[in-house]
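Here's the structure we're looking at; comments come further down.
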């Protein structure tokens with residue numbers, strides 16, 4: 001630490017590094033915890049912000065992104081913050097129009113329909129400059145955090161981004177995106193490469209701006225079986241990690257732990273553990289002990305309480321957390337949900353989850 005109390009890049013010195021130490025596989029006094037979508041509509045104060053009304057314009061405002069990022073930390077003793085943004089800012093930066101439709105979610109008025117549509121996408125090298133507003137939000141938020149906890153940056157993985165760009169929004173089947181994989185494999189690989197080439201400088205830029213960890217969301221992994229996943233998702237997941245780490249070294253930036261969260265991708269846990277990430281995120285469909293058997297002791301696991309468990313009583317939440325912690329054990333583990341928080345969840349129950357993790361994980365280490 002410098003004499004003025006500032007760490008590298010002039011940011012305030014980090015006071016709670018429990019999350020980072022767990023991510024790197026080091027011993028911790030308790031199990032760190034954060035929640036996917038911890039900045040969100042379940043908080044009354046979030047619903048009063050501009051983000052609740054005009055989502056993507058909020059994403060483009062560093063000040064407007066900073067506030068919802070900090071809101072959950074004012075309520076709960078979380079061990080990490082995650083920047084308020086969206087995975088779909090990358091397709092936007094590639095030149096696609098994306099709107100947020102109330103009650104429906106993201107919508108692409110002109111999705112990719114033909115191979116020649118790829119020619120309309122911007123050069124992936126310009127994406128990072130188009131997303132400078134995200135970097136500004138990260139720097140501002142890192143300053144405002146004042147070293148309280150680490151700040152996580154994130155992006156969507158190539159396959160997941162491709163699904164939105166081809167489907168035109170969410171889908172229960174991803175039939176159009178998978179149709180591309182079967183009918184246009186070469187064009188699919190071309191699109192996935194474009195996305196990978198856009199993601200790498202974007203993620204490196206987040207670290208340069210102040211992000212202390214990175215999470216890659218492969219939210220639609222479950223729509224691919226083992227064969228399609230190994231062909232169209234896993235190679236690009238690996239390449240993102242490899243290239244980000246190499247570029248950080250080239251830029252003289254310190255390495256940061258990287259997390260891969262492939263929802264419903266339990267069929268590929270062993271491969272994901274060897275994909276170059278320090279942490280593998282789990283959804284609630286995989287048993288902790290089975291997951292540990294698959295990944296071994298070389299990576300940290302993150303997850304994996306069913307988000308709907310937070311609809312239970314606070315007492316039952318405590319029991320479920322205790323069971324989860326017992327199953328994962330105290331080493332190489334970060335507590336989280338198996339997916340994001342839902343808008344109708346009770347903040348008190350989120351607090352009960354966080355408190356239970358801290359309480360039971362300390363007891364676990366005493367025994």
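A Cβ is built for glycine as well, from the same backbone N, Cα and C atoms used for every other residue.
Binding of coproporphyrinogen III is attributed by Swiss-Prot to 37, 39, 41, 86, 219, 339, and the same site annotation extends, among 164, 277, to 164. Neighbours of residue 164 (coproporphyrinogen I binding site), defined as other CB atoms within 10 A of its CB across all chains, total 28. Within 10 Å of the C-beta of residue 86 (coproporphyrinogen I binding site) there are 18 other C-beta atoms, taking all protein chains into account. Around the Cβ of residue 219 (coproporphyrinogen I binding site), the same chain contributes 87, 156, 157, 160, 261, 263, each under 8 angstroms and 6 or more positions distant in sequence. Listed binding-site residues: 37, 41, 50, 339; maximum Cβ neighbour count within 10 Å falls on 339.
Close to residue 39 (coproporphyrinogen I binding site) in the fold, though at least 6 residues off in sequence, lie 46, 68, 69, 71, 72, 82, 84, each with a CB less than 8 Å from its CB.
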